[in-house]
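These notes are about the structure you will find just below.
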Amino acid sequence: MTPPPPGRAAPSAPRARVLSLPARFGLPLRLRLLLVFWVAAASAQGHSRSGPRISAVWKGQDHVDFSQPEPHTVLFHEPGSFSVWVGGRGKVYHFNFPEGKNASVRTVNIGSTKGSCQDKQDCGNYITLLERRGNGLLVCGTNARKPSCWNLVNDSVVMSLGEMKGYAPFSPDENSLVLFEGDEVYSTIRKQEYNGKIPRFRRIRGESELYTSDTVMQNPQFIKATIVHQDQAYDDKIYYFFREDNPDKNPEAPLNVSRVAQLCRGDQGGESSLSVSKWNTFLKAMLVCSDAATNRNFNRLQDVFLLPDPSGQWRDTRVYGVFSNPWNYSAVCVYSLGDIDRVFRTSSLKGYHMGLPNPRPGMCLPKKQPIPTETFQVADSHPEVAQRVEPMGPLKTPLFHSKYHYQKVVVHRMQASNGETFHVLYLTTDRGTIHKVVESGDQDHSFVFNIMEIQPFHRAAAIQAISLDADRRKLYVTSQWEVSQVPLDMCEVYSGGCHGCLMSRDPYCGWDQDRCVSIYSSQRSVLQSINPAEPHRECPNPKPDEAPLQKVSLARNSRYYLTCPMESRHATYLWRHEENVEQSCEPGHQSPSCILFIENLTARQYGHYRCEAQEGSYLREAQHWELLPEDRALAEQLMGHARALAASFWLGVLPTLILGLLVH
């Protein structure tokens, strides 16, 4: 039964009863124990502070609908611009989000131009790649299973000439990765539809075309690729992240393992006929993301985001990895490129027990020298290094783990008003929401806090793509229905005055005398407190304002609900009648409200009811109600009328009396 709002009595209804499942259905003891364990685990997870503190809906005008449902989208945005390009089915959408104005959209049609297909679902032209090339936009799509590319210049579409194999897959459902670096192009897309079933990482444009050996990866799912410019140009590396089938077939071993692979960008292939067209510097290492304290392992890599060091030190680039386990719980582990590089440079090879050849496998050679055949043969037969890549920090554990299933991540490095640096993670969930998580401190003593859950769309849907514009401090997200621009600050969602603003621990926001504002929009210094356990104590007023008193008159023996909005999921909510606790709602409660149900109102249940929110040492009164008997309420109403009549009488008589006194 849906609770009526406060102020309305509930209609009569039978008392709810809870049946004991084991007793009712005679479940076996082992299953009963499993049920008890599952309920206890679910309850424990509900108390985790890794969940978002509040939930917020982005109500801005920066939403634009597609002209049709788009089951597959690709997003392209250039930092600092107001434009977003989105590739859909036979269309490229150009969205414009000017500051302070409504968003607009233009559409360019790019239909199928050739090819024949048997499955009608694959007969469209699904755009899978958008990339700036010269003064135009390179657009590549499936083109009815005959992948092709076009150049888009000023809304004019021209088909690209020349060999374009490897730029787009044959189906939008295929796992694919394309990396551009200057005139070089790297791809994991097969060139032919009906051969080359084994996935490879290729250089498809550059000095010489190369591909990985067919034995070095087992059914890989590619996640991210990047090029890292190191101290010497010949030492520049290509790193790509993927997961693959676990070669360990032990029934207790995980099905998948997560990897990072390295290649030398200057790799020219080998000397022999077997190695001349292959990458000769391929090595791979396992990415570890596990928590020994809870015995939880997260072995399925979902996404990777690289955050460069602000001083330009490539070794200090932070690699944020989102992992999941078979139960769809998630963890975020952070690695450094320096640690990854060290593992590849110093580790022995797994399963190889002889002396390593010189140059050692994976080593980049100057002056474009070819890799000796012996070095290639050792690396090709033993491509995995023995040492594993572990997270940063002394404990080598995840930054945090959560019961939520995270799928994508972007990270913004920002400075608060006092100059302190924070890393703010934006993680997409399988529920179509975004979690905003702040990380501060050094790798030895990090502070992590889940600020909020953002609902970015007008129409709830899965998030297909996300892009961060650090310059304009915006997120761009797409679903099958719409594209949305979301600001990184959103300070207006925090209620509760100064205390509520500071309790958010949002580094983008601060208290400016009378409201919670973005530090980027305020013209003067604002009050902020991010790390402390008691940020509310920084406010000038020691206590938050009390809730306004609300009164309602009720007849005896009636039913009634009192509702208290649960703004913070980290707080415990208590309904008190006078001094007695009548109802408690614990942290992590998924209900939007803490409800006190009065089934049969008696004389002693009239009086004052207060809903208190307790969050650490922060205590505030969220609701204050007084339940009055109907006869008393009527008496108070009559007394109020009498006072009003008396006041009006004296207001009419006093001028006459005063005038009389003045005359005499």
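Using N, Cα and C of the backbone, Cβ positions are placed for all residues, glycine too.
Here is what Swiss-Prot records for this protein:
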DISULFID  Cys117-Cys123  disulfide bond
DISULFID  Cys140-Cys149  disulfide bond
DISULFID  Cys264-Cys364  disulfide bond
DISULFID  Cys289-Cys333  disulfide bond
DISULFID  Cys491-Cys509  disulfide bond
DISULFID  Cys498-Cys539  disulfide bond
DISULFID  Cys501-Cys516  disulfide bond
DISULFID  Cys564-Cys611  disulfide bond
DISULFID  Cys585-Cys594  disulfide bond
DOMAIN    53-488  domain 'Sema'
CARBOHYD  Asn102  N-linked glycosylation site
CARBOHYD  Asn154  N-linked glycosylation site
CARBOHYD  Asn256  N-linked glycosylation site
CARBOHYD  Asn328  N-linked glycosylation site
CARBOHYD  Asn600  N-linked glycosylation site
LIPID     Ala646  GPI-anchor amidated alanine
MOD_RES   Arg132  asymmetric dimethylarginine
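Overlay of Swiss-Prot feature records on the structure.
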residue	record	DSSP (3 states)
Cys123	disulfide bond	coil
Asn154	N-linked glycosylation site	coil
Asn256	N-linked glycosylation site	strand
Cys264	disulfide bond	strand
Cys289	disulfide bond	coil
Cys364	disulfide bond	coil
Cys491	disulfide bond	helix
Cys498	disulfide bond	helix
Cys594	disulfide bond	strand
Cys611	disulfide bond	strand
Which recorded positions are spatial neighbours of Cys611 (disulfide bond) here, meaning Cα within 10 Å, out of Asn102, Asn256, Cys264, Cys491? none
Pick from Asn102, Asn256, Asn328, Asn600: which of these glycosylation sites has the biggest number of other Cβ atoms within 10 Å of its Cβ? Asn256
Quick one: Cα separation, Arg132 (asymmetric dimethylarginine) versus Cys264 (disulfide bond), in Å? 25
Per-region confidence, the domain 'Sema' (53-488) (mean pLDDT, whole number): 93
Closest to Cys539 (disulfide bond): which of the recorded positions Cys333, Cys364, Asn600, going by Cα position? Cys333
Express the distance between the Cα positions of Cys364 (disulfide bond) and Cys585 (disulfide bond) as a whole number of Å. 60
Asn102 (N-linked glycosylation site) to Cys491 (disulfide bond): how many Å between their Cα atoms? 21
Spacing of the two Cα atoms, Cys564 (disulfide bond) and Asn600 (N-linked glycosylation site), in whole angstrom, works out to 20
Determine, using Cα-Cα distances only, which of these recorded positions is closest to Cys289 (disulfide bond): Cys123, Cys140, Asn154, Asn256, Cys264. Asn256
Distance [Cα-Cα, Å, rounded] between Asn600 (N-linked glycosylation site) and Cys594 (disulfide bond): 19
